[in-house]
């Protein structure tokens, strides 16, 4: 039955179910819920530890707190709704709620990409210009970068739901994922979507694409500076300070690229692939980021172990 976003009869979309596994969705939700709980605990612990540990009151760890807050917000904007669907069968999502979720997903992803670029610049300045690091990346500058990241994400991705708002929707209302993405919702419109296609691609290239290029450029300059050092041991020691950030960058961009490839070239793939890639994109960075920095940062390890020891008492 055709419908539009202004229809009073059916102003909603249908979230994608696990094809062939509908009867087992309540069980399939358990690993998803476990990953979400792990993401909440891990990122919450990072926020608490950095706040409580004076030695971590530095730009790199303030950026890490920003990542933790973004990952918490992104996971919370999607996973509870997915669990309601898997456990209680609530497949429908209203047009307004879908647009809001879509806006949050794309905006928070853009903010995270900007913060990752800021962390790459932090590593570049710390290694290539160590004497100027404290003067360039002050606490005030770090806060301004955080605000700029949020403003950049909102300004670039607020037009996405606004471009979809006037479009009529007809035919199938079933999404490819268990949450709302711009390209997914846009494909269900029965009108000319060229402005949405062009703007969506432009926004992604100017934010995530540009950030990825600048991050690569930062690491090329870092690698050039590291190779100037005489001793291999000294080279490894300096470059090891970047390992955690490189892993976090890969945890963000690999699922993002994978999801983009699936949307662009995966029309003939099984629906389950789309759903799995979407869930990976939402949860992998949120789960891995606190683990990566927890393993690589001794202060975080010690603080968490002390908290666990106090709790055991």
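Every residue, even glycine, has its Cβ placed from backbone N, Cα and C.
Automatic, uncurated: that is what TrEMBL annotation is.
A quick note: this is a predicted structure, and the numbers were derived from the prediction, not measured.
Taking the domain 'G-protein coupled receptors family 1 profile' (42-293) as a whole, pLDDT averages 90 in the prediction. The domain 'G-protein coupled receptors family 1 profile' feature in TrEMBL is assigned to 42-293.
Counting residues 6+ beyond its ends, the transmembrane segment (27-49) has Cβ neighbours under 8 Å at 18, 21, 56, 64-65, 68-69, 71-72, 75-76, 79-80, 82-83, 86-87, 279, 283, 286-287, 289-291, 293-294, 299-300, 303-304, 307 in the same chain. If you look up TrEMBL, you'll see 27-49 (among others) marked as transmembrane segment.
As annotated by TrEMBL, transmembrane segment applies to 61-88 (among others).
Annotated transmembrane segment per TrEMBL: 94-121 (among others), in sequence order. Within the same chain, residues 5, 11-13, 60, 63-64, 66-67, 70-71, 73-74, 77-78, 81, 145-146, 148-150, 152-154, 156-158, 160-161, 164-165, 179-182, 185, 203, 207-208, 211-212, 214-215, 218-219, 245, 248-249, 252, 256, 282, 285 sit at least 6 positions outside the transmembrane segment (94-121) and bring their C-beta atoms closer than 8 Å to a C-beta of that stretch.
Sequence-remote contacts of a segment are chain residues at least 6 beyond its ends whose Cβ falls under 8 Å from one of its Cβ atoms, and for the transmembrane segment (142-165) they are 5, 59, 62-63, 66, 99-100, 102-103, 106-111, 114-115, 118, 182, 185-186, 189, 195-196, 199-200, 203, 206-207. Residues or ranges marked as transmembrane segment in TrEMBL: 142-165 (among others).
Under the heading transmembrane segment, TrEMBL lists 197-222 (among others).
TrEMBL lists 243-266 (among others) with the feature transmembrane segment.
Marked as transmembrane segment by TrEMBL: 272-295 (among others).
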- Item | Same-chain residues at least 6 beyond the ends of the transmembrane segment (272-295) whose Cβ lies under 8 Å from its Cβ atoms | 16, 18-21, 32, 35-36, 38-39, 42-43, 45-46, 64, 67-68, 71-72, 74-75, 78-79, 82, 105, 112, 176-179, 181, 244, 247-248, 251-252, 255-256, 258-259, 262-263, 266, 301, 304
- Excluding the flanking five residues on each side, which residues at least 6 beyond the ends of the transmembrane segment (197-222) place their CB within less than 8 Å of a CB in that stretch? 106, 109-110, 113-114, 116-117, 120-121, 123-124, 127-128, 152-153, 156-157, 159-160, 163, 182-183, 186, 239, 242, 246, 249, 253, 256, 260
